[in-house]
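**Q** Could you have a look at this structure, given as structure tokens, before my questions?
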């Protein structure tokens, strides 16, 4: 009898036995307790049998026991000594901080490396942009200088062309009129003097038309027959030279500044050509060309077109040399 009483007392001192006894006094089943505590029936059964589930942490088990005790009106102070035996608190294992510090140092090193990479990238982009801007600015300044130079040359050429007719028109017209008026009278009165007068006319064939007319007007009183013969002689000599095999032909589809010189260094042309204009230049090959707008000009050399596409694609001033023996070179 004493042994059975001792066993009953020991069982009553366990957490599960106290909870089961209180539940039975309230007339609750394990299913009802599980529903109220939102637990599985197996979990309630393990708590009453003083079993600790392997997949349940001790912290959660102690919380379930407290909830069960409040449900069946058992003070928690009575169960604390029993819970310490059934669900002892295990010391948490603190992982060393070495891995975190290593990761932090690695992250910091990666951040510095990424910052340096971005810095190098920005420097490269900045240098590339500065180089492009300087090159573009130099090309624009060169084109502007070429345009100013061509404008100055055109203005000077216009001034010279306006002054020449004013100086030579009066004597030429007067000489021509006097020679025309005196020619019929002189030829009728002295027919024998016209033959020897052809010799000075032949000698004066290389003189410009204006100079020939002035000279004949001055010598009309002494040799009346001379004015009639130089006129057809000078007109026969003023002819357009025949096209040479070394000719350089250029047609312009837009306004373009250019400069052309031959092998002797002589500038065959330097200035601005307007849209629709054309040039036919002759000189000693090779020719050196500098073209401000390559897209606005079409060039033929030795009867073959010259390819300027490489300058048109890059939108640069074209500098090239045209040789008679080889293809055009930049």
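Numbers run from 1 along the shown chain.
The backbone N, Cα and C atoms fix where each Cβ goes, glycine too.
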**Q** For which of the residue intervals 112-132, 133-153, 154-174 does Swiss-Prot record transmembrane segment?
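**A** In Swiss-Prot, the transmembrane segment feature sits at 112-132.
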**Q** Write down the single range among 10-29, 30-49 that appears in Swiss-Prot as DNA-binding region.
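**A** That would be 30-49, the stretch labelled DNA-binding region in Swiss-Prot.
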**Q** In this predicted model, what is the average pLDDT of the domain 'HTH cro/C1-type' (19-71)?
**A** 87
